[in-house]
Amino acid sequence: MRKRHTPKDRLITVALHAALAAGLFFAAFPIYWMLSSSFKSNTEIFALPPTVLPKAFTLEAYAAILGDPVKLRFFFNSYFVAGAVTVLTVLIALLAAYGFSRFNFRGKGSLNTLIISTQTIPPITLLIPFFGLVVSYGIFDTYVALILTYLVFTLPYAILLMTGYLNTLPRDLDEAVAVDGGTSWTALWRVIVPISLPGVVATSVYTFLLCWNEFLFALTLTKSTSMRTVPIGIQLLMGQHAFEWNQMMAMSVLGSLPLLLIYLIAQRFFLAGMTAGSVK
Amino acid sequence: MTRQKRSHHRLKRAVAPYLYLSPSLLIIGLLMLLPMVTVIGYSFQNSAVLRRDPSFAGLKHYQAIFADPVFWASLWHTLYFTCMSVVFHMTIGMVFALMLNSDRINPTLRNILRVLYILPWLFTAVIIAVIWRLLLEPNGVVNSVLMQMGIIGSKVEWFSSPETALHAVTFANIWAGYPLFMVSLLAGLQGIPKDFYEAADIDGAKAYQKLIFITIPQLMPIIISISLLDFIWTMQVFPLIWITTGGGPIYSTEVLSTYTYKLAFSSYNLSQASASAVVILLISLGLTLFYIRYQKAR
(Lines of atoms letter the chains of each structure in order from A and count residues from 1; the text may use other names and numbers.)
(Lines give C-alpha, C1' and ligand atoms only; values in the text may rest on other atoms or scores of the structure.)
Protein backbone atom coordinates (compact mmCIF):
# COMPACT_ATOMS: atom_id res chain seq x y z
CA MET A 1 0.00 0.00 0.00
CA ARG A 2 1.02 3.52 -0.74
CA LYS A 3 1.81 5.84 2.15
CA ARG A 4 -0.63 8.71 2.48
CA HIS A 5 0.95 10.92 5.08
CA THR A 6 3.94 12.63 3.52
CA PRO A 7 3.46 16.37 2.82
CA LYS A 8 4.35 15.76 -0.81
CA ASP A 9 1.59 13.21 -1.09
CA ARG A 10 -0.95 15.56 0.42
CA LEU A 11 0.17 18.28 -1.97
CA ILE A 12 -0.48 15.97 -4.92
CA THR A 13 -3.98 15.22 -3.66
CA VAL A 14 -4.73 18.92 -3.26
CA ALA A 15 -3.35 19.68 -6.73
CA LEU A 16 -5.47 16.91 -8.20
CA HIS A 17 -8.63 18.34 -6.67
CA ALA A 18 -7.74 21.81 -7.93
CA ALA A 19 -7.31 20.36 -11.42
CA LEU A 20 -10.63 18.55 -11.11
CA ALA A 21 -12.31 21.82 -10.19
CA ALA A 22 -10.72 23.56 -13.18
CA GLY A 23 -11.92 20.72 -15.40
CA LEU A 24 -15.40 21.06 -14.00
CA PHE A 25 -15.42 24.77 -14.75
CA PHE A 26 -14.27 24.11 -18.32
CA ALA A 27 -16.87 21.40 -18.91
CA ALA A 28 -19.86 22.87 -17.16
CA PHE A 29 -19.60 26.66 -17.22
CA PRO A 30 -20.88 27.11 -20.81
CA ILE A 31 -23.89 24.93 -19.98
CA TYR A 32 -24.50 26.75 -16.72
CA TRP A 33 -24.35 30.03 -18.61
CA MET A 34 -26.95 28.82 -21.11
CA LEU A 35 -29.24 27.75 -18.28
CA SER A 36 -28.87 30.93 -16.23
CA SER A 37 -29.23 33.17 -19.30
CA SER A 38 -32.51 31.48 -20.16
CA PHE A 39 -33.91 32.83 -16.87
CA LYS A 40 -32.65 36.37 -17.42
CA SER A 41 -34.06 39.33 -19.27
CA ASN A 42 -32.24 40.34 -22.43
CA THR A 43 -30.77 43.42 -20.80
CA GLU A 44 -29.43 41.41 -17.89
CA ILE A 45 -27.67 38.90 -20.16
CA PHE A 46 -25.17 41.57 -21.18
CA ALA A 47 -25.06 43.39 -17.84
CA LEU A 48 -21.68 44.65 -16.66
CA PRO A 49 -20.32 43.08 -14.55
CA PRO A 50 -21.99 39.80 -15.63
CA THR A 51 -24.46 38.34 -13.12
CA VAL A 52 -23.69 34.74 -12.26
CA LEU A 53 -27.17 34.08 -10.86
CA PRO A 54 -30.16 35.75 -12.55
CA LYS A 55 -30.83 38.89 -10.51
CA ALA A 56 -34.38 39.26 -11.74
CA PHE A 57 -35.43 35.65 -12.30
CA THR A 58 -37.95 35.47 -15.12
CA LEU A 59 -39.71 32.79 -17.12
CA GLU A 60 -40.64 35.18 -19.93
CA ALA A 61 -38.35 33.43 -22.44
CA TYR A 62 -39.95 30.04 -21.75
CA ALA A 63 -43.42 31.56 -21.93
CA ALA A 64 -42.54 33.08 -25.30
CA ILE A 65 -41.36 29.71 -26.67
CA LEU A 66 -44.10 27.53 -25.21
CA GLY A 67 -46.84 30.02 -26.13
CA ASP A 68 -45.88 30.09 -29.79
CA PRO A 69 -47.51 27.35 -31.91
CA VAL A 70 -44.84 27.76 -34.60
CA LYS A 71 -42.11 26.85 -32.12
CA LEU A 72 -44.10 24.01 -30.61
CA ARG A 73 -44.41 22.61 -34.10
CA PHE A 74 -40.58 22.42 -34.31
CA PHE A 75 -40.64 20.21 -31.23
CA PHE A 76 -43.45 18.05 -32.58
CA ASN A 77 -41.57 17.57 -35.86
CA SER A 78 -38.36 16.60 -34.08
CA TYR A 79 -40.11 14.11 -31.83
CA PHE A 80 -42.16 12.66 -34.67
CA VAL A 81 -39.28 12.20 -37.11
CA ALA A 82 -36.87 10.90 -34.47
CA GLY A 83 -39.54 8.54 -33.09
CA ALA A 84 -40.48 7.15 -36.50
CA VAL A 85 -36.87 6.64 -37.54
CA THR A 86 -36.08 4.95 -34.23
CA VAL A 87 -38.91 2.41 -34.60
CA LEU A 88 -38.00 1.62 -38.20
CA THR A 89 -34.27 1.45 -37.51
CA VAL A 90 -34.61 -0.88 -34.55
CA LEU A 91 -36.90 -3.26 -36.46
CA ILE A 92 -34.73 -3.40 -39.56
CA ALA A 93 -31.49 -3.55 -37.61
CA LEU A 94 -32.81 -6.33 -35.39
CA LEU A 95 -33.49 -8.52 -38.43
CA ALA A 96 -30.07 -7.82 -39.92
CA ALA A 97 -28.33 -8.36 -36.59
CA TYR A 98 -30.10 -11.70 -36.19
CA GLY A 99 -28.85 -12.69 -39.63
CA PHE A 100 -25.29 -11.69 -38.76
CA SER A 101 -25.30 -13.17 -35.30
CA ARG A 102 -26.94 -16.56 -35.90
CA PHE A 103 -25.99 -17.60 -39.44
CA ASN A 104 -22.87 -18.30 -41.42
CA PHE A 105 -23.23 -17.39 -45.05
CA ARG A 106 -21.24 -16.42 -48.10
CA GLY A 107 -20.24 -12.77 -48.14
CA LYS A 108 -20.76 -12.28 -44.40
CA GLY A 109 -17.31 -10.79 -43.87
CA SER A 110 -17.51 -8.34 -46.74
CA LEU A 111 -21.06 -7.27 -45.84
CA ASN A 112 -19.88 -6.59 -42.32
CA THR A 113 -16.98 -4.49 -43.63
CA LEU A 114 -19.41 -2.65 -45.93
CA ILE A 115 -21.61 -1.77 -42.97
CA ILE A 116 -18.67 -0.60 -40.86
CA SER A 117 -17.38 1.59 -43.67
CA THR A 118 -20.76 3.19 -44.45
CA GLN A 119 -20.58 4.80 -41.00
CA THR A 120 -17.93 7.17 -42.25
CA ILE A 121 -19.57 8.34 -45.50
CA PRO A 122 -19.65 12.15 -45.35
CA PRO A 123 -23.26 13.42 -45.12
CA ILE A 124 -22.43 16.33 -47.42
CA THR A 125 -21.55 13.83 -50.19
CA LEU A 126 -24.97 12.21 -50.03
CA LEU A 127 -26.78 15.51 -49.66
CA ILE A 128 -26.60 16.54 -53.31
CA PRO A 129 -27.92 13.25 -54.78
CA PHE A 130 -30.55 13.09 -52.01
CA PHE A 131 -31.67 16.56 -52.96
CA GLY A 132 -31.93 15.50 -56.60
CA LEU A 133 -33.86 12.33 -55.69
CA VAL A 134 -36.16 13.99 -53.17
CA VAL A 135 -37.11 16.73 -55.62
CA SER A 136 -37.66 14.33 -58.51
CA TYR A 137 -39.89 12.00 -56.43
CA GLY A 138 -41.93 14.97 -55.22
CA ILE A 139 -41.22 14.38 -51.53
CA PHE A 140 -39.30 17.61 -50.95
CA ASP A 141 -40.40 19.31 -47.71
CA THR A 142 -42.12 16.19 -46.29
CA TYR A 143 -41.57 13.90 -43.29
CA VAL A 144 -40.95 10.99 -45.69
CA ALA A 145 -37.87 12.71 -47.09
CA LEU A 146 -36.37 13.18 -43.63
CA ILE A 147 -37.29 9.71 -42.38
CA LEU A 148 -35.83 7.93 -45.41
CA THR A 149 -32.60 9.88 -45.40
CA TYR A 150 -32.08 9.56 -41.63
CA LEU A 151 -32.48 5.79 -41.89
CA VAL A 152 -29.35 5.56 -43.99
CA PHE A 153 -27.25 7.07 -41.25
CA THR A 154 -28.83 5.34 -38.29
CA LEU A 155 -28.94 1.80 -39.72
CA PRO A 156 -25.23 0.91 -39.93
CA TYR A 157 -24.45 1.70 -36.31
CA ALA A 158 -27.72 0.19 -35.12
CA ILE A 159 -26.87 -3.07 -36.91
CA LEU A 160 -23.43 -3.17 -35.31
CA LEU A 161 -24.83 -2.42 -31.85
CA MET A 162 -27.60 -5.02 -32.13
CA THR A 163 -25.26 -7.67 -33.56
CA GLY A 164 -22.90 -7.06 -30.67
CA TYR A 165 -25.76 -7.50 -28.24
CA LEU A 166 -27.20 -10.64 -29.88
CA ASN A 167 -23.73 -12.19 -29.88
CA THR A 168 -23.76 -12.06 -26.09
CA LEU A 169 -26.94 -14.16 -25.94
CA PRO A 170 -26.25 -17.90 -25.78
CA ARG A 171 -27.03 -19.83 -28.94
CA ASP A 172 -28.56 -22.76 -27.04
CA LEU A 173 -31.66 -20.65 -26.57
CA ASP A 174 -32.68 -20.46 -30.20
CA GLU A 175 -31.17 -23.83 -31.08
CA ALA A 176 -33.66 -25.33 -28.62
CA VAL A 177 -36.46 -23.91 -30.76
CA ALA A 178 -34.89 -25.45 -33.89
CA VAL A 179 -34.71 -28.85 -32.17
CA ASP A 180 -38.42 -28.58 -31.46
CA GLY A 181 -38.93 -28.07 -35.21
CA GLY A 182 -39.52 -24.32 -35.05
CA THR A 183 -38.17 -21.99 -37.72
CA SER A 184 -35.56 -19.32 -37.12
CA TRP A 185 -38.36 -16.75 -37.46
CA THR A 186 -40.20 -18.29 -34.51
CA ALA A 187 -36.96 -18.41 -32.53
CA LEU A 188 -36.37 -14.73 -33.22
CA TRP A 189 -39.74 -13.53 -31.98
CA ARG A 190 -40.41 -16.08 -29.22
CA VAL A 191 -36.94 -16.30 -27.71
CA ILE A 192 -34.56 -13.59 -28.88
CA VAL A 193 -36.74 -10.48 -28.93
CA PRO A 194 -38.13 -10.87 -25.39
CA ILE A 195 -34.64 -11.00 -23.88
CA SER A 196 -33.14 -8.34 -26.14
CA LEU A 197 -34.79 -5.38 -24.45
CA PRO A 198 -31.52 -3.86 -23.15
CA GLY A 199 -29.97 -4.07 -26.61
CA VAL A 200 -33.10 -2.61 -28.17
CA VAL A 201 -33.11 0.26 -25.68
CA ALA A 202 -29.43 1.04 -26.24
CA THR A 203 -29.95 1.03 -30.01
CA SER A 204 -33.09 3.17 -29.73
CA VAL A 205 -31.32 5.72 -27.57
CA TYR A 206 -28.44 6.06 -29.99
CA THR A 207 -30.75 6.29 -33.01
CA PHE A 208 -32.98 8.86 -31.35
CA LEU A 209 -30.01 11.07 -30.46
CA LEU A 210 -28.65 10.90 -33.98
CA CYS A 211 -31.99 12.03 -35.42
CA TRP A 212 -32.60 14.66 -32.77
CA ASN A 213 -29.21 16.24 -33.55
CA GLU A 214 -29.43 16.10 -37.34
CA PHE A 215 -29.05 19.46 -39.03
CA LEU A 216 -27.78 19.29 -42.61
CA PHE A 217 -30.60 17.24 -44.14
CA ALA A 218 -33.32 19.00 -42.20
CA LEU A 219 -31.89 22.30 -43.42
CA THR A 220 -31.78 21.27 -47.08
CA LEU A 221 -34.65 18.85 -47.59
CA THR A 222 -37.37 20.90 -45.87
CA LYS A 223 -38.43 24.44 -46.59
CA SER A 224 -41.70 25.50 -44.98
CA THR A 225 -41.61 26.64 -41.35
CA SER A 226 -44.16 23.97 -40.41
CA MET A 227 -41.74 21.20 -41.48
CA ARG A 228 -38.68 22.45 -39.62
CA THR A 229 -37.11 20.56 -36.70
CA VAL A 230 -35.70 21.99 -33.46
CA PRO A 231 -32.10 22.58 -34.65
CA ILE A 232 -33.36 24.50 -37.67
CA GLY A 233 -35.85 26.30 -35.44
CA ILE A 234 -33.01 27.58 -33.27
CA GLN A 235 -31.18 28.79 -36.34
CA LEU A 236 -34.32 30.53 -37.61
CA LEU A 237 -34.82 32.16 -34.22
CA MET A 238 -31.28 33.48 -34.41
CA GLY A 239 -31.92 34.97 -37.82
CA GLN A 240 -35.26 36.56 -36.96
CA HIS A 241 -34.63 37.95 -33.49
CA ALA A 242 -30.88 38.27 -33.37
CA PHE A 243 -31.05 39.93 -29.95
CA GLU A 244 -33.53 37.67 -28.17
CA TRP A 245 -30.73 35.73 -26.51
CA ASN A 246 -32.88 34.61 -23.61
CA GLN A 247 -35.36 32.97 -25.99
CA MET A 248 -32.55 31.26 -27.89
CA MET A 249 -31.18 29.91 -24.63
CA ALA A 250 -34.63 28.79 -23.43
CA MET A 251 -35.18 26.98 -26.71
CA SER A 252 -31.72 25.39 -26.41
CA VAL A 253 -32.54 24.20 -22.89
CA LEU A 254 -35.86 22.75 -24.08
CA GLY A 255 -34.13 21.21 -27.09
CA SER A 256 -31.55 19.53 -24.84
CA LEU A 257 -34.00 18.11 -22.32
CA PRO A 258 -34.78 14.86 -24.14
CA LEU A 259 -31.07 14.10 -24.53
CA LEU A 260 -30.29 14.82 -20.90
CA LEU A 261 -33.25 12.79 -19.66
CA ILE A 262 -32.43 9.86 -21.93
CA TYR A 263 -28.83 9.93 -20.80
CA LEU A 264 -29.76 9.89 -17.14
CA ILE A 265 -32.28 7.08 -17.61
CA ALA A 266 -30.47 5.04 -20.24
CA GLN A 267 -27.18 4.96 -18.36
CA ARG A 268 -28.85 2.34 -16.21
CA PHE A 269 -30.07 0.48 -19.28
CA PHE A 270 -26.60 0.33 -20.73
CA LEU A 271 -25.33 -1.23 -17.52
CA ALA A 272 -28.31 -3.59 -17.46
CA GLY A 273 -27.54 -4.56 -21.04
CA MET A 274 -24.02 -5.54 -20.10
CA THR A 275 -24.94 -7.62 -17.08
CA ALA A 276 -28.23 -9.10 -18.26
CA GLY A 277 -28.68 -12.36 -20.17
CA SER A 278 -31.21 -14.98 -19.28
CA VAL A 279 -28.84 -17.97 -18.93
CA LYS A 280 -25.91 -17.58 -16.59
CA MET B 1 -37.23 -36.01 -39.76
CA THR B 2 -37.43 -37.48 -43.23
CA ARG B 3 -34.61 -36.82 -45.65
CA GLN B 4 -36.78 -34.58 -47.81
CA LYS B 5 -37.84 -32.52 -44.86
CA ARG B 6 -34.26 -32.20 -43.72
CA SER B 7 -32.98 -30.91 -47.05
CA HIS B 8 -35.89 -28.48 -47.16
CA HIS B 9 -34.87 -27.34 -43.73
CA ARG B 10 -31.26 -26.93 -44.85
CA LEU B 11 -32.31 -24.83 -47.83
CA LYS B 12 -34.30 -22.59 -45.53
CA ARG B 13 -31.25 -22.17 -43.29
CA ALA B 14 -29.16 -21.19 -46.31
CA VAL B 15 -31.59 -18.58 -47.60
CA ALA B 16 -32.69 -17.22 -44.23
CA PRO B 17 -29.73 -14.90 -43.49
CA TYR B 18 -30.15 -13.14 -46.82
CA LEU B 19 -33.84 -12.63 -46.10
CA TYR B 20 -33.08 -11.16 -42.69
CA LEU B 21 -30.49 -8.84 -44.19
CA SER B 22 -32.51 -7.85 -47.23
CA PRO B 23 -34.33 -4.79 -45.80
CA SER B 24 -31.03 -3.33 -44.55
CA LEU B 25 -29.19 -4.10 -47.76
CA LEU B 26 -32.01 -2.64 -49.82
CA ILE B 27 -31.88 0.62 -47.88
CA ILE B 28 -28.09 0.83 -47.85
CA GLY B 29 -27.96 -0.05 -51.55
CA LEU B 30 -30.67 2.32 -52.74
CA LEU B 31 -30.06 5.20 -50.38
CA MET B 32 -26.33 5.07 -49.89
CA LEU B 33 -24.46 3.21 -52.61
CA LEU B 34 -26.68 4.39 -55.46
CA PRO B 35 -26.48 8.07 -54.40
CA MET B 36 -22.70 7.71 -54.19
CA VAL B 37 -22.63 6.56 -57.79
CA THR B 38 -25.07 9.34 -58.69
CA VAL B 39 -22.94 12.08 -57.15
CA ILE B 40 -19.90 10.82 -59.02
CA GLY B 41 -22.01 10.95 -62.19
CA TYR B 42 -23.15 14.50 -61.42
CA SER B 43 -19.57 15.66 -61.05
CA PHE B 44 -18.94 14.81 -64.73
CA GLN B 45 -22.08 16.58 -66.02
CA ASN B 46 -22.92 20.15 -66.93
CA SER B 47 -25.82 21.62 -64.90
CA ALA B 48 -26.46 18.38 -63.01
CA VAL B 49 -29.89 18.06 -61.30
CA LEU B 50 -31.04 21.36 -62.78
CA ARG B 51 -31.32 20.07 -66.35
CA ARG B 52 -33.04 16.97 -67.55
CA ASP B 53 -30.50 16.14 -70.26
CA PRO B 54 -27.15 17.31 -68.88
CA SER B 55 -24.17 17.13 -71.23
CA PHE B 56 -20.88 15.44 -70.42
CA ALA B 57 -18.40 17.81 -68.84
CA GLY B 58 -15.31 15.65 -68.48
CA LEU B 59 -12.98 16.79 -65.74
CA LYS B 60 -14.03 20.42 -66.07
CA HIS B 61 -15.56 20.73 -62.62
CA TYR B 62 -12.60 19.10 -60.92
CA GLN B 63 -10.28 21.50 -62.71
CA ALA B 64 -12.45 24.42 -61.63
CA ILE B 65 -12.25 23.32 -58.01
CA PHE B 66 -8.51 22.73 -58.02
CA ALA B 67 -8.04 26.17 -59.59
CA ASP B 68 -10.16 27.83 -56.89
CA PRO B 69 -8.07 29.37 -54.08
CA VAL B 70 -11.09 29.17 -51.76
CA PHE B 71 -11.07 25.38 -52.15
CA TRP B 72 -7.43 25.21 -51.04
CA ALA B 73 -8.12 27.60 -48.17
CA SER B 74 -11.05 25.38 -47.12
CA LEU B 75 -8.87 22.30 -47.27
CA TRP B 76 -6.25 23.98 -45.11
CA HIS B 77 -8.87 25.20 -42.58
CA THR B 78 -10.38 21.72 -42.47
CA LEU B 79 -6.96 20.24 -41.72
CA TYR B 80 -6.19 22.79 -39.03
CA PHE B 81 -9.65 22.46 -37.45
CA THR B 82 -9.50 18.65 -37.55
CA CYS B 83 -5.91 18.13 -36.35
CA MET B 84 -6.22 20.61 -33.49
CA SER B 85 -9.57 19.13 -32.47
CA VAL B 86 -8.32 15.54 -32.46
CA VAL B 87 -5.11 16.36 -30.58
CA PHE B 88 -6.93 18.35 -27.89
CA HIS B 89 -9.84 15.91 -27.67
CA MET B 90 -7.30 13.22 -26.98
CA THR B 91 -5.23 15.24 -24.51
CA ILE B 92 -8.18 16.57 -22.52
CA GLY B 93 -9.94 13.20 -22.65
CA MET B 94 -6.79 11.50 -21.38
CA VAL B 95 -6.18 14.00 -18.58
CA PHE B 96 -9.80 13.81 -17.40
CA ALA B 97 -9.83 10.01 -17.60
CA LEU B 98 -6.59 9.73 -15.60
CA MET B 99 -7.85 12.18 -12.99
CA LEU B 100 -11.16 10.37 -12.62
CA ASN B 101 -9.39 7.03 -12.41
CA SER B 102 -7.11 8.17 -9.58
CA ASP B 103 -7.64 6.47 -6.24
CA ARG B 104 -7.07 9.80 -4.51
CA ILE B 105 -10.63 10.97 -5.06
CA ASN B 106 -13.65 9.68 -3.28
CA PRO B 107 -15.96 7.40 -5.30
CA THR B 108 -19.08 9.57 -4.94
CA LEU B 109 -17.24 12.65 -6.13
CA ARG B 110 -15.85 10.58 -8.99
CA ASN B 111 -19.31 9.49 -10.13
CA ILE B 112 -20.69 13.01 -9.98
CA LEU B 113 -17.73 14.46 -11.87
CA ARG B 114 -17.91 11.74 -14.50
CA VAL B 115 -21.50 12.69 -15.30
CA LEU B 116 -20.66 16.41 -15.34
CA TYR B 117 -17.54 15.99 -17.50
CA ILE B 118 -19.62 14.13 -20.10
CA LEU B 119 -22.10 17.03 -20.34
CA PRO B 120 -20.75 18.77 -23.48
CA TRP B 121 -21.31 15.52 -25.35
CA LEU B 122 -25.04 15.63 -24.73
CA PHE B 123 -25.66 18.84 -26.61
CA THR B 124 -26.58 19.21 -30.25
CA ALA B 125 -24.04 20.95 -32.48
CA VAL B 126 -26.50 23.78 -33.15
CA ILE B 127 -27.00 24.38 -29.44
CA ILE B 128 -23.24 24.27 -28.83
CA ALA B 129 -22.83 26.88 -31.55
CA VAL B 130 -25.48 29.12 -29.99
CA ILE B 131 -23.96 28.78 -26.51
CA TRP B 132 -20.50 29.77 -27.77
CA ARG B 133 -21.92 32.66 -29.73
CA LEU B 134 -23.44 33.98 -26.53
CA LEU B 135 -20.25 33.42 -24.52
CA LEU B 136 -18.02 35.01 -27.17
CA GLU B 137 -20.30 37.92 -28.08
CA PRO B 138 -18.28 41.17 -28.13
CA ASN B 139 -20.32 42.27 -25.08
CA GLY B 140 -20.41 38.76 -23.66
CA VAL B 141 -19.09 37.21 -20.50
CA VAL B 142 -15.75 35.97 -21.86
CA ASN B 143 -14.70 39.40 -23.07
CA SER B 144 -15.82 41.15 -19.93
CA VAL B 145 -13.96 38.70 -17.67
CA LEU B 146 -10.81 38.80 -19.80
CA MET B 147 -10.86 42.59 -19.82
CA GLN B 148 -11.30 42.77 -16.08
CA MET B 149 -8.32 40.47 -15.65
CA GLY B 150 -6.36 42.69 -18.01
CA ILE B 151 -5.64 39.89 -20.48
CA ILE B 152 -7.19 41.76 -23.40
CA GLY B 153 -7.30 45.55 -23.75
CA SER B 154 -10.44 45.91 -25.84
CA LYS B 155 -13.41 43.81 -26.86
CA VAL B 156 -12.43 41.02 -29.23
CA GLU B 157 -14.90 39.98 -31.93
CA TRP B 158 -13.97 36.31 -31.66
CA PHE B 159 -16.23 34.97 -34.42
CA SER B 160 -16.23 37.97 -36.70
CA SER B 161 -12.61 38.93 -37.05
CA PRO B 162 -10.55 36.91 -39.55
CA GLU B 163 -7.61 36.55 -37.14
CA THR B 164 -9.55 34.82 -34.37
CA ALA B 165 -12.56 33.18 -36.04
CA LEU B 166 -10.90 29.88 -36.99
CA HIS B 167 -9.35 29.50 -33.52
CA ALA B 168 -12.66 30.31 -31.85
CA VAL B 169 -14.58 27.71 -33.88
CA THR B 170 -11.88 25.14 -33.22
CA PHE B 171 -12.00 25.87 -29.51
CA ALA B 172 -15.78 25.41 -29.43
CA ASN B 173 -15.35 22.08 -31.22
CA ILE B 174 -12.64 20.97 -28.81
CA TRP B 175 -14.97 21.69 -25.92
CA ALA B 176 -17.79 19.76 -27.58
CA GLY B 177 -15.87 16.61 -28.50
CA TYR B 178 -13.44 15.47 -25.78
CA PRO B 179 -15.97 13.29 -23.85
CA LEU B 180 -15.83 10.54 -26.51
CA PHE B 181 -12.14 10.05 -25.70
CA MET B 182 -12.70 10.44 -21.99
CA VAL B 183 -15.36 7.74 -21.85
CA SER B 184 -13.43 5.31 -24.04
CA LEU B 185 -10.14 5.83 -22.21
CA LEU B 186 -11.82 5.52 -18.82
CA ALA B 187 -13.22 2.15 -19.89
CA GLY B 188 -9.76 1.23 -21.18
CA LEU B 189 -8.05 2.25 -17.93
CA GLN B 190 -10.34 0.02 -15.94
CA GLY B 191 -9.35 -2.88 -18.18
CA ILE B 192 -5.60 -2.66 -17.44
CA PRO B 193 -4.64 -5.49 -15.06
CA LYS B 194 -3.68 -4.23 -11.59
CA ASP B 195 -0.67 -6.63 -11.45
CA PHE B 196 1.14 -4.49 -14.03
CA TYR B 197 1.20 -1.57 -11.63
CA GLU B 198 2.00 -3.75 -8.64
CA ALA B 199 4.96 -5.24 -10.48
CA ALA B 200 6.14 -1.73 -11.38
CA ASP B 201 5.78 -0.65 -7.74
CA ILE B 202 8.02 -3.52 -6.67
CA ASP B 203 10.61 -2.34 -9.20
CA GLY B 204 10.33 1.13 -7.68
CA ALA B 205 8.85 2.82 -10.77
CA LYS B 206 7.82 6.46 -10.50
CA ALA B 207 4.29 7.63 -11.41
CA TYR B 208 5.32 9.14 -14.75
CA GLN B 209 7.24 5.96 -15.63
CA LYS B 210 4.12 3.90 -15.00
CA LEU B 211 2.17 6.28 -17.25
CA ILE B 212 4.67 6.05 -20.10
CA PHE B 213 5.54 2.37 -19.90
CA ILE B 214 2.25 0.80 -18.81
CA THR B 215 -0.80 3.04 -19.15
CA ILE B 216 -0.19 4.64 -22.55
CA PRO B 217 0.97 1.46 -24.34
CA GLN B 218 -2.03 -0.40 -22.92
CA LEU B 219 -4.40 2.31 -24.14
CA MET B 220 -2.76 2.64 -27.56
CA PRO B 221 -5.32 0.55 -29.51
CA ILE B 222 -8.16 2.70 -28.14
CA ILE B 223 -6.25 5.94 -28.77
CA ILE B 224 -5.55 5.02 -32.38
CA SER B 225 -9.01 3.82 -33.32
CA ILE B 226 -10.87 6.67 -31.61
CA SER B 227 -8.45 9.21 -33.13
CA LEU B 228 -9.12 7.85 -36.61
CA LEU B 229 -12.89 7.93 -36.14
CA ASP B 230 -12.73 11.38 -34.57
CA PHE B 231 -10.59 12.60 -37.47
CA ILE B 232 -13.07 11.30 -40.04
CA TRP B 233 -16.09 12.76 -38.22
CA THR B 234 -14.50 16.12 -37.37
CA MET B 235 -13.50 16.55 -40.99
CA GLN B 236 -17.19 16.43 -41.89
CA VAL B 237 -18.39 18.96 -39.29
CA PHE B 238 -20.98 21.32 -40.72
CA PRO B 239 -23.56 22.77 -38.28
CA LEU B 240 -21.10 24.15 -35.71
CA ILE B 241 -19.30 26.24 -38.32
CA TRP B 242 -22.46 27.08 -40.24
CA ILE B 243 -24.14 28.58 -37.16
CA THR B 244 -21.14 30.32 -35.59
CA THR B 245 -19.47 31.93 -38.59
CA GLY B 246 -21.10 30.54 -41.75
CA GLY B 247 -17.57 30.06 -43.13
CA GLY B 248 -16.76 33.75 -42.84
CA PRO B 249 -15.59 36.39 -42.30
CA ILE B 250 -14.12 36.47 -45.83
CA TYR B 251 -13.71 32.68 -46.05
CA SER B 252 -11.52 32.63 -42.93
CA THR B 253 -13.40 29.65 -41.48
CA GLU B 254 -14.53 28.06 -44.73
CA VAL B 255 -14.12 24.29 -44.48
CA LEU B 256 -14.74 21.65 -47.14
CA SER B 257 -18.31 20.99 -46.02
CA THR B 258 -19.40 24.65 -45.96
CA TYR B 259 -17.57 25.27 -49.23
CA THR B 260 -19.46 22.40 -50.87
CA TYR B 261 -22.77 23.42 -49.35
CA LYS B 262 -22.46 26.98 -50.62
CA LEU B 263 -21.53 25.81 -54.11
CA ALA B 264 -24.63 23.62 -54.18
CA PHE B 265 -27.28 25.67 -52.41
CA SER B 266 -26.14 29.29 -52.64
CA SER B 267 -24.62 29.32 -56.14
CA TYR B 268 -26.73 26.38 -57.39
CA ASN B 269 -23.64 25.02 -59.08
CA LEU B 270 -24.56 21.45 -58.25
CA SER B 271 -22.07 19.92 -60.71
CA GLN B 272 -19.10 21.66 -59.19
CA ALA B 273 -20.45 20.98 -55.70
CA SER B 274 -20.64 17.28 -56.65
CA ALA B 275 -17.00 17.33 -57.69
CA SER B 276 -16.09 18.84 -54.33
CA ALA B 277 -18.31 16.28 -52.55
CA VAL B 278 -16.49 13.48 -54.38
CA VAL B 279 -13.13 14.86 -53.21
CA ILE B 280 -14.40 14.80 -49.60
CA LEU B 281 -15.69 11.27 -50.16
CA LEU B 282 -12.30 10.11 -51.44
CA ILE B 283 -10.47 11.57 -48.44
CA SER B 284 -12.96 9.92 -46.08
CA LEU B 285 -12.73 6.58 -47.88
CA GLY B 286 -8.95 6.66 -47.70
CA LEU B 287 -9.08 7.20 -43.95
CA THR B 288 -11.83 4.59 -43.57
CA LEU B 289 -9.72 1.95 -45.35
CA PHE B 290 -6.93 2.76 -42.95
CA TYR B 291 -9.33 2.44 -40.02
CA ILE B 292 -10.73 -0.92 -41.17
CA ARG B 293 -7.26 -2.32 -41.78
CA TYR B 294 -6.24 -1.24 -38.32
CA GLN B 295 -9.35 -2.79 -36.77
CA LYS B 296 -8.71 -6.08 -38.57
CA ALA B 297 -5.04 -6.15 -37.60
CA ARG B 298 -5.98 -5.90 -33.94
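Cβ atoms are placed via backbone N, Cα and C, with glycine included.
Per TrEMBL, domain 'ABC transmembrane type-1' is recorded for B:75-291.
The transmembrane segment feature in TrEMBL is assigned to B:20-44 (among others). Only residues 6 or more beyond the boundaries of the transmembrane segment (B:20-44), in the same chain, are considered here, and those with a CB under 8 A from a CB of the stretch are 56-59, 61-62, 270-271, 274-275, 277-278, 281.
According to TrEMBL, the feature transmembrane segment maps to B:79-100 (among others). Away from its own ends, the transmembrane segment (B:79-100) comes close to residues 110, 113-114, 117, 166, 169-170, 173-174, 177-182, 184-186, 188-189, 211, 215, 219, 223, 226-227, 230-231, 234-235, 237, 241, 255 of its chain (Cβ-Cβ under 8 Å, at least six residues beyond either end).
The transmembrane segment annotation in TrEMBL covers B:112-135 (among others). For the transmembrane segment (B:112-135), the residues of the chain that approach it from at least six positions outside its boundaries are 96, 100, 105, 141-142, 159, 168, 171-172, 175-180, 182-183, 186, 237, 239-240, 242-244, judged by C-beta separation under 8 angstroms.
Listed by sequence, the residues of this chain that lie at least six past the ends of the transmembrane segment (B:165-190) yet keep a Cβ under 8 A from its Cβ atoms are 77, 80-81, 84-85, 88-90, 92-94, 96-98, 100-101, 114, 117-121, 123, 125, 128-129, 132, 136, 158-159, 215, 218-219, 222-223, 226, 230, 234, 237, 240-241, 244-245, 248-249, 252-253. Under the heading transmembrane segment, TrEMBL lists B:165-190 (among others).
Through the fold, the transmembrane segment (B:211-233) approaches residues 82, 85-86, 89-90, 94, 98, 177, 180-181, 184-185, 187-189, 191-192, 196-197, 200, 205, 284, 287-288, 290-291, 294-295, 298 of its own chain, all at least 6 residues removed from its boundaries and within a Cβ separation under 8 Å. Annotation source TrEMBL lists transmembrane segment at B:211-233 (among others).
Feature annotation from TrEMBL assigns transmembrane segment to B:273-292 (among others). Nonlocal intrachain contacts for the transmembrane segment (B:273-292), taken as residues 6+ away from its ends with a CB within less than 8 angstroms of a stretch CB, comprise 36, 39-40, 42-43, 48, 61-62, 64-65, 71, 225, 228-229, 231-232, 235-236, 256-257, 259-261, 263-264.
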